[in-house]
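J.: Let me give you the structure first, and then I'll get to my questions.
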């Protein structure tokens, strides 16, 4: 018996066995026009009911092949509907996510820019005009920070780190002659110190005690071996290329070898938000290596500078470093321990009080250490305070509600344009001279290459894979923060002591220091950010220590 063909497009037609045109004659997701000429959409629930009902009727005499064709036709129409709807939703979601992603990038910097503008408005309303007019030193300093924030926003939209825009704004600012802040030198120094305090406290909170204990040997290797290799290379090359005496060459090497905590820790904070490299204690390893490297470089720099200019007895200069380390550890340990008990973790405003005490303890550590003549104790005191307090807080039941690190991170949003614009301000092209620039660049290229090589060798024997080892090695590349602070120190001291014979040597140290900032800070930050997704593993767990 010849079976008639049946096309099912709705529940009613399936029930009445009425012939209907083939579904393939119409676009996916549409029914034939109704009697009124209107196009009717196909509800997915209607198709599903039709399919189920027809499968039941198929057992009552329909050809199995026809039933299979009808089922396939209905299933195809359902799939077409889902694809079309999913495509529309995906497109909407993609557009929305693109907007949200871009807005997340710029919303916080725009808020900070608005805060800067509001603060200026308040200052203009209550302060004398000689302080708030555009051409005054105070306003030129203010525009340095506002311009750095705007430059950071613009650069971040290109996918590059915003710190590059801030740094180059500072370079532009000083080389067009706007960086004249007469009478505000102490304010400038204090702001630079506050940025250092903030970044060192964040670095201390980022240290993990268990990982630190486990990686102690590798931290010492990464600190000592590359530092010694870089300093020796610079001392030898500067002796024959830059005509510097051996002690001046060592002094230059100690300035250059210091890794920039501002650049490195800023990048690590960004990676922490993306949960990159949170495994194997990589963050702790890099932060600890950076901190130890800077403490060693600053300590030895003070000793060599004292020996060169004979500002005190040799014994006192040699002992200054160890005494500074003891003072920093003692002060930081005492402050960190007190933060474990004061205020009580049950107090209503625990987080706010903890943050205030932490930032004040760090500030006192930096400014107080300079007052007593042991500046090397400052940064170490900050790190120790945060490390001791953070380690204790992690063992308390209220650790998940501890917001001190979040407050410090918010403060860093304000201080980041301050810090990097002031670093860029030190890059004055007028001090760059032909032969000194050429030979200084060669010296830096060879020395930094040797540092990277010995850094990678220092990671051998660890449980890191080759990409993670390479990333840890790369973290020792950026130079900026310590160089901006130590680079002009020898020149300032030579001028204050009227040591005319040492002025050219001190000028050479400053020029090579400027080159180190220009060559390594932007490139180092860019490489660390761009290579992190390729070289570091993304940690999925939410309960991973920094």
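Residue numbering: from 1, along the chain as shown.
Backbone N, Cα and C define each Cβ position, glycine as well.
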J.: In TrEMBL, which of 53-77, 78-102, 103-127, 178-202 is tagged transmembrane segment?
T.: 103-127
J.: Which stretch does TrEMBL mark as transmembrane segment, out of 219-240, 395-416?
T.: 219-240
J.: Quick one: sort out which of 13-34, 321-342 is the transmembrane segment according to TrEMBL.
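T.: My reading of TrEMBL: the transmembrane segment range is 321-342.
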J.: Compare 139-157, 219-240, 281-309, 374-393, 437-457 by their Cβ pairs under 8 Å to the transmembrane segment (246-269) and return the stretch that comes out on top.
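T.: Comparing 139-157, 219-240, 281-309, 374-393, 437-457: 281-309 has the most Cβ pairs near the transmembrane segment (246-269).
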J.: Can you work out which residues elsewhere in the same chain, 6+ from the ends of the transmembrane segment (103-127), have a Cβ less than 8 Å from its Cβ atoms?
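T.: Hits for the transmembrane segment (103-127): 142, 145-146, 149-150, 152-153, 156-157, 162, 413-414, 417.
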J.: For the transmembrane segment (437-457), what are the same-chain contacts with Cβ under 8 Å, counting residues 6+ beyond its ends?
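T.: For the transmembrane segment (437-457), the sequence-distant neighbours (Cβ-Cβ under 8 Å, at least 6 residues beyond its ends) are 222, 225-227, 229-230, 233-234, 237-238, 241-242, 253, 256-257, 469-470, 472-474, 476-477, 508, 511-512, 515-516, 519-520.
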J.: Would you mind listing the long-range same-chain contacts of the transmembrane segment (321-342), meaning Cβ under 8 Å and 6+ residues beyond its ends?
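T.: The answer is 295, 299-300, 302-303, 354, 357-358, 361, 365, 369, 372, 374-390, 392-393, 396.
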J.: Report, as numbers and ranges, which residues of the same chain sit near the transmembrane segment (139-157): CB under 8 Å and 6 or more residues beyond its ends.
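T.: Distant contacts of the transmembrane segment (139-157): 102, 105-106, 109-110, 112-113, 116-117, 120, 131-133, 163-166, 168-170, 173, 178-181, 184, 187-188, 416-418, 420-422, 424-425.
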